């Protein structure tokens, strides 16, 4: 997995010496697991690295990540897609419908993708062909997605037994796969609650046991996107359209065509995200079940600096913290406080020793102490706070991480064919 | 320049989120406009009664709370021959949309007007004051008392007490769970009763509790994926019975119970009957909240000109709440449950509300 490689050399600022290779990434992840393990042993919050929590995190991350990929494709070609939420809603409805009518969840997956495609086609026609403001068109798409599915539900699901105006009958379950032979031993190892080893076992179990094939597909679309957009001529042209459409056109690139392809792909991804939510994560269609996940997906695009690896990291972080707060809210989030505190201490030391930024180190140190004090004086986090853990964590990472976010240069700008002349 | 556009995109995303909320109410208003049932012909005394009913989020077909209200309305159509108009609510709609919906019904000559759900608390107070000659009823709320408003409320804690006792009696691990949709006072009553009932059976029982979202985010009533994750967490942590009071998210709780080989308890309607047959076997009982009885009673009292303003509590004694026995999963403990039922009805046990 080299999807999280740094930005292309041309775009990277000269001051940046640090290069994220897969070895560094692996080391970082192991260090994070080590920290989590320390927190787990000290607090007894065994759920933070349990196989169940990791599995649930994956389940929460995939629909957000798919919506994010949708946003990435579209914005890389210079079309802002606020309509992801509406496309996702179409995906949930058509995904559920396809699966229920045929009895085969994979038909639902396909139907969800097609539903998303149709929604995105509207966005593409409006923004690319007619030059409508991207935000206006996207908002219209959100309204449309909600209204259309509502109408279709009363027509279709209300007639089915077990369905209603606002929900579908149960969707036939998708088969899950497991890596053979290791499930049992991993579970035993996890149950021993040993330092680090059990945590590793929990993570591996969550990632390898009872994973639906759709989840695998969703995860694999991240490296696929990276390969397509950054390693092929097609991808280069698509991105050039989002950076300088005028220059691309002067070199003979059909700008409209690439914009269309990108927005349609965006619809397929977000539609798949919706279908995943209905078929795998919930097992039923329910009006309003997307609950803003399309917007969160859009946020992961910004979080990930318009790169697939960063986007996946953002979706993973959001999914993980959301799963933790939903499963064992108070205790797990309390243990996370310790992790955050320790991380802040590490950052402070880094700033002081390696970067010689004593004022920044002081501020980070104060924040670390504040977090650790809160951790020490409480036993559990009140329910009122745990529910926004995912949002807070994401915000925290964004504020600490490099502020050099760079969106595609022509993102959201109107473009008319031949405007360079 | 670049920074400006970046800010514009972010602002656009935020504006999109807000507009989505606004859009949700737009969708709700435009649905059914005309009366959806023909007036009865065999009840001349009531043939002029036009009942307006506004649903909570979820509406007709939610197989739970709203469907229960719809059942009462249908019964009134069949037995009293009233004319009806039903309007649906949208997810995340603004307060003004609720007011407008009630105003539409009242100004359209519908009398009485029934608002289903505590979400209508403020809007009923406001609109009822504007139409003093129209009788209003609100289900699940007694915050506002007006001379033309009847507050139909339920003793959910008493019904929840019974299913809490059932959960404790059925649990072999001594560990049970409660999944609430949104942490509002109404749902806290369910939790309080459930915990009291479980502790009455087994004082040292472990009870896990989780609310899916916090107000004003009401998506917790319609997000089955979240319900599933929360219940999975409880089953993984050792629970074997989970009670859900989470509206549409409850389907996820049943899914999790099915996957974990655990038991679940339904809410509002008899969910062993309404849930999908493939998961119905995990539902050992449901806390019944007979909104249909309350709605029908209210319409009937209007046709006989005996509407009483103010609170009317549908408790265990009045048959407003109960537990279900569909599936025969609680037949072995029925005697104990009925004993608790008698004690609550007689006032020997007082169930806490929070």
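Including glycine, each Cβ sits where the backbone N, Cα and C put it.
Residues or ranges marked as transmembrane segment in TrEMBL: A:20-42 (among others).
Look at TrEMBL and you will find A:54-73 (among others) tagged as transmembrane segment.
Annotated transmembrane segment per TrEMBL: A:79-100 (among others), in sequence order.
The transmembrane segment annotation in TrEMBL covers A:107-132 (among others).
Beyond its flanks by at least six residues, the transmembrane segment (A:138-158) meets 80-90, 92-93, 97, 119, 122-123, 126, 164-169, 285, 287, 294 of its own chain at Cβ-Cβ distances under 8 Å. Taken from TrEMBL, the feature transmembrane segment applies to A:138-158 (among others).
Counting only same-chain residues 6+ beyond the ends of the transmembrane segment (A:211-230), those with a CB under 8 A from a CB of the stretch are 1, 3, 8, 55, 58-59, 62-63, 65-66, 69, 72-73, 76, 105, 109, 174-178, 238-239, 269, 272-273, 275-276, 279-280, 307-309, 311-312. According to TrEMBL, the feature transmembrane segment maps to A:211-230 (among others).
Same-chain residues lying 6 or more positions outside the transmembrane segment (A:260-283) and placing a CB less than 8 Å from one of its CB atoms are 59-60, 62-67, 69-71, 73-74, 76-77, 79, 81, 84, 87-96, 99, 105, 108-109, 111-121, 123-124, 127-128, 168, 170-171, 173-174, 212, 214-215, 217-218, 221, 238, 241-242, 289-290, 293-294, 297. Residues or ranges marked as transmembrane segment by TrEMBL: A:260-283 (among others).
The annotation transmembrane segment is assigned in TrEMBL to A:332-353 (among others).
What TrEMBL records for A:360-378 (among others) is transmembrane segment.
The stretch from A:79-100, A:107-132, A:332-353, A:360-378 that makes the most Cβ contacts under 8 Å with the transmembrane segment (A:20-42) is A:332-353.
Long-range contacts of the transmembrane segment (A:332-353) within the same chain, counting only residues at least 6 positions beyond its ends with a Cβ under 8 Å from a Cβ of the stretch, are 35-36, 38-40, 42-43, 45, 47-48, 53, 321, 324-325, 360-362, 364-365, 367-368, 371-372, 374-375, 378-381, 385-386, 389, 393, 396, 400.
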